[in-house]
Amino acid sequence: MDQQGMVKKRLAVLVGCNYPNTRNELHGCINDVLAMKETILSRFGFKQDDIEVLTDEPESKVKPTGANIKAALRRMVDKAQAGSGDILFFHYSGHGTRIPSVKSAHPFKQDEAIVPCDFNLITDVDFRELVNQLPKGTSFTMISDSCHSGGLIDKEKEQIGPSSVSSNISPAIETTNKTITSRALPFKAVLDHLSSLTGITTSDIGTHLLELFGRDAGLKFRLPAMDLMDLLETMTAREKHVDSGILMSGCQADETSADVGVGNGKAYGAFSNAIQRVLNENEGAMKNKQLVMMARDVLERLGFHQHPCLYCSDQNADATFLSQP
């Protein structure tokens, strides 16, 4: 319970996209979210009924489309209560991409996005809008094991990022036979796929997304550039309380994340696996920044060239990961 005697809810949405039987197929994403589900059930006090899992396994009744993912996130936010201290958690494993940005002074002139199974992209703007809808006193932790995931919550403060000091650990790559696949989809690959569905010849990705998904398309694609900039400024100005968003990304915005296949068929995401290793080796509560830095160290020791990042307020950087009981 919180200080006011309200019962603290722990709510989660876990999404894994393997894109089976396509040229973009991955192998470890569903394993990632199933492992995370077991972890939050056994260690962090989550209940089975408060966890929604979306995967693109053939037998899955509800696929992780863009609309379904956003609907699940909205349901989670709607269940949260102001002043309750509710813990909201979103884990995504799948492809990520970058698309041309309309925002001024953007360091890479591109926006980050995740790639649901139907390619209805969810961008950093959509996640910013979601965070701004959180009731006061709740928190939203997002782990994205995808390429270009740094900065996936727009305007979130960088705590651990490209400017962070390296730990200088000597790599000691494991000798187990592995197959490494990037969890990145280049913009052109996304554009070509959408164009094959719409039959429209244009490099404007928004045209394709609006044609295919209409009002279910992301906010970035439904608003003209100037209106979007005005909305972003308005959302930032109205955010008076401490920002409740916490993003742990599998890599920097200009990097790729690895999908690792091993001989026994137990594939996994490199970042998700690093998180699991750190948690398994440390039973006590951990600060968010500790978890990310230790995951960085694990990846460096294993020889992976990706650098997990942390984006959140100063206060949340020192907060306990998922408020471990």
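Any Cβ shown, glycine's included, is placed from N, Cα and C.
Around His95 (active site), taking its Cβ as the centre, 28 other Cβ atoms fall within 10 Å, counting all chains. Positions annotated as active site by Swiss-Prot, on the basis of similarity to another entry: His95 (among others).
Sequence-distant neighbours of Cys147 (S-nitrosocysteine) (same chain, 6+ residues apart, CB-CB distance under 8 A): His95, Gly96, Thr97, Ser182, Arg183, Ala184, Leu185, Gly250, Cys251, Glu255, Thr256, Ser257. The S-nitrosocysteine annotation in Swiss-Prot covers Cys147.
Positions annotated as active site by Swiss-Prot: Cys147 (among others). Under the DSSP three-state reduction, Cys147 (S-nitrosocysteine) is assigned to coil, being neither helix nor strand.
Annotated N-linked glycosylation site per Swiss-Prot: Asn177, in sequence order.
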